[in-house]
Structures are given as structure tokens and as C-alpha cells.
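Notes follow once the structure below has been shown.
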Amino acid sequence: MIEVSPSASVPAGLPAGNPVTATLFHSDQGGHEQVLLCQDRPSGLKAVIALHSTALGPALGGTRFHAYAASADPEQSAVLDALNLARGMSYKNALAGLDHGGGKAVIIGDPEQLKSEALLRAYGRFVASLGGRYVTACDVGTYVQDMDVVAQECRWTTGRSPENGGAGDSSVLTAFGVFQGMRASAQHLWGAPTLRGRLVGVAGVGKVGKHLVDHLLQDGARVVVTDVREESVRAVLAAHPGAPLTAVADTWTLLRTEGLDLYAPCALGGALDDETVAALTARIVCGAANNQLAHPGVEKDLADQGILYAPDYVVNAGGVIQVADEFNGFDFTRAKAKAAQILDTTTSIFERAAADGVPPAAAADRLAEQRMGL
Ligand SMILES: NC(=O)c1ccc[n+]([C@@H]2O[C@H](COP(=O)([O-])OP(=O)(O)OC[C@H]3O[C@@H](n4cnc5c(N)ncnc54)[C@H](O)[C@@H]3O)[C@@H](O)[C@H]2O)c1
């Protein structure tokens with residue numbers, strides 16, 4: 001679950017100068033409301049909590065625990081990452097129909113070396129100090145057990161274990177939501193909300209990808225999978241003996257599979273770059289991975305090639321819908337019903353895109369901005 005981190009330079013289109021303040025005060029998505037830099041020397045905690053917007057309600061987004069070791073200035077990279085991720089959560093939460101704004105936190109350091117109960121509790125006290133303006137959850141490097149510890153200090157914690165009143169593993173409804181996005185795409189392109197008889201390629205059969213394969217096979221699709229971890233591929237194949245399910249060596253082979261109808265990136269960010277788009281034969285891209293578009297303009301290249309792209313943050317919102325439900329005392333049926341609405345949301349984005357003559361990714365941004373009043 002590693003996504004592309006921003007470089008420590010001023011993002012395109014922003015005034016020259018300090019990249020943090022440029023992103024914070026001048027970004028064209030309306031800037032950010034607040035950033036909290038936190039330190040607890042005894043436990044070694046250094047963290048950034050970024051709130052992009054609370055216009056729709058308390059900012060909701062996960063806690064990333066990452067070292068930023070490849071960066072010349074890890075702390076600045078961490079702040080920029082938190083700012084960008086928080087903005088992304090505003091858009092995701094707005095289109096998921098949640099009464100939540102967008103926020104994200106980053107704990108700086110290698111979780112393998114630094115994570116401790118003292119550090120997580122110190123972090124929880126900083127989240128609590130925001131008095132409910134920010135609600136946290138899991139992200140890359142943090143897990144359900146970690147949120148149970150954070151929750152000991154802070155009531156604004158989701159993503160906890162079911163034993164502690166939480167929703168548990170969010171990949172279940174993430175996969176369900178992506179499948180709804182696929183159904184909406186199939187309806188839009190082929191006239192029926194089903195993948196029956198279609199060939200679907202899933203790149204990455206981790207927590208989300210493996211559940212997605214279940215939904216696809218149940219719907220009557222044929223599926224081809226790939227993963228860099230051989231044991232993940234073996235587990236998926238073993239779970240579906242006799243099913244129309246095959247595996248290929250890598251994503252390049254998957255992309256070129258003859259007759260591929262739909263490509264589902266479910267591994268890393270940046271899956272859709274110039275090379276991939278040029279090689280794509282599938283007519284639909286719809287997957288769970290965050291930040292699939294490697295750079296601005298890819299969404300237009302996809303549209304120009306006649307490929308329907310279901311925007312990542314719209315179709316992968318099932319997980320945040322799941323954790324948001326914890327506030328009302330988690331109810332799986334209610335959360336699943338809300339995640340099912342991803343079908344209608346994706347459909348309305350395709351309709352808006354067609355009406356406005358813009359790619360679906362641009363239509364999604366416009367709809368989210370409308371709801372946020374930006
Ligand atoms: N888990 C959630 O609820 C959730 C919610 C929203 C978005 N997402 C996004 O969905 C994606 C998958 O999340 P996950 O929770 O399943 O993560 P995961 O780590 O469980 O699974 C990712 C899988 O991708 C594989 N992989 C990595 N590099 C690959 C490559 N180059 N080619 C093929 N496979 C590769 C990994 O081996 C792993 O099995 C991530 O981008 C994540 O940010 C997840």
C-alpha cells in the first residue's frame with residue numbers, strides 16, 4: 001500500500017518559494033485549514049496532522065507511518081505528503097456522501113523500528129487535542145491493533161478491532177465498492193450492470209484484490225490475476241478451484257492478455273502512466289489503488305483512446321464509508337448499503353463527464369467541489 005509521495009519541490013501551478021506554504025495557502029483546491037506539527041521526545045514521535053477541510057464535518061482520514069527515507073528532507077516530504085493526502089480525502093469523502101471533511105496524518109519514521117505503545121498513545125493525545133476536528137483511521141504502516149492503542153487516548157479514532165467496537169478490516173467494503181464502480185462502468189459502456197462473460201485483469205491480489213476476485217467470479221466474469229508475491233497468487237487460485245481464473249507473471253503480461261475487457265489496478269499508485277495507457281487494450285479501467293493517474297493529463301489520454309476510467313477515489317471509497325460508520329456503532333449492513341451507492345455516484349460522474357465533454361476524473365472533481373462549496 002505504498003503510494004507515490006510528492007517530491008519536495010513546489011507543485012506545478014503554485015507560486016515559487018517554500019513548497020509547504022505554497023501548498024498550504026495557495027493550492028487551487030482552496031488551501032488547507034490547519035496543520036499540526038507534533039513532537040513527543042520521550043517516545044520519538046514526530047507527526048504531521050493536516051486538515052484540508054471541515055466544511056462537511058470533522059476531517060476524516062488515516063494515519064500513515066512512513067520513513068520518507070529516500071527524500072533529502074524527510075520532514076518536508078512528510079508535511080507535503082500529509083497536505084496532499086488530506087486534500088484527496090476531502091474529495092473522496094465528499095463524493096462518498098459522508099458528512100466528513102478531509103484530513104490525514106503522517107508519523108515520520110520506520111514503523112518497524114519506532115512503533116511503540118508510548119508513541120501511539122502520545123500521537124492519540126495530539127489527535128484528541130483537536131477536539132474532534134480530525135478523526136483518524138488506519139493507512140499505510142498502521143493497523144487495526146494500532147488504532148486500538150490510539151483509541152485509549154482519543155475518542156476520535158476509527159479503524160479499531162471489532163472487539164473494541166470497530167469496523168475491522170476495511171478492505172471488505174473497499175472491494176465491494178470497486179465492484180459497484182465496475183458494474184456502473186459496464187452499464188455505461190455495454191448497457192448492462194454486470195461483468196458476466198467479460199475478461200477482467202486484477203493487478204495486485206492483496207487485501208482488496210482478493211475480495212474483488214470473489215465478487216467478479218460470483219458475477220460470472222472470467223478473471224486473470226497477477227501479483228509480485230507468489231503466495232498471494234497461490235492463495236487466490238486455491239480459494240477458487242475450477243473457476244475461470246488464471247494467473248500471469250506480471251502486470252505487463254496482464255495488460256496484453258488477449259480479449260481483456262477491464263483492467264483493475266489494485267496494487268500501487270501511479271499505475272496509469274504513458275506506457276501503460278499506450279499498451280492498454282481493455283476498454284475500462286476501474287480498480288482500488290489510490291492515485292492511479294501518474295501525472296496530470298493521463299485522464300485525457302485515456303479518454304482520447306476511448307478507454308472509460310472510473311476515478312480511483314470514487315470507486316475505492318468503501319473503506320472510508322466502513323470506518324465512518326463506526327461513529328454510529330458499527331453496523332455492517334448499513335455501511336454496505338452506503339457503499340452500494342458507489343454504483344449511482346459513478347454513473348452520475350460518467351453522465352456529467354459526457355454532458356460537459358470532460359474526462360470522468362475532471363467531472364468527479366467538479367462534483368466534489370460543488371458539494372464542498374469550493
Ligand atoms: N485496504 C483498503 O481498504 C483500501 C482502501 C482504499 C484504497 N486502497 C488502495 O488499494 C490498493 C491495494 O490495497 P490493499 O489494502 O489490498 O493492499 P495490500 O498491500 O494488501 O495489497 C497490494 C498487493 O499488491 C501487490 N503488488 C505490489 N506491487 C505490485 C506490482 N508491481 N504488480 C503486481 N502486484 C503488486 C502486493 O504484493 C500486494 O499483494 C492500494 O493502493 C491502497 O492504497 C485500499
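Cβ coordinates come from backbone N, Cα and C, glycine included.
Residues or ranges marked as active site, proton donor/acceptor by TrEMBL: K104. Sequence-distant neighbours of K104 (active site, proton donor/acceptor) (same chain, 6+ apart, CB under 8 A from its CB) are I49, A50, G61, G62, T63, R64, A82, L85, A86, G88, M89, D139.
Long-range Cβ contacts of G209 (NAD(+) binding site) within its own chain (separation 6+, distance under 8 Å): A175, V202, A203, V225, D227, S232, V236, A264, C266, A267, A288. Here TrEMBL flags G204, V205, G206, K207, V208, G209 as NAD(+) binding site.
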In three-state DSSP terms, K104 (active site, proton donor/acceptor) is classed as strand
The answer, for which of the binding-site residues V205, V208 has its Cβ ringed by the most other Cβ atoms inside 10 Å, is V208
For K207 (NAD(+) binding site), the nonlocal same-chain Cβ neighbours (under 8 Å, six or more residues apart) come out as D169, S171
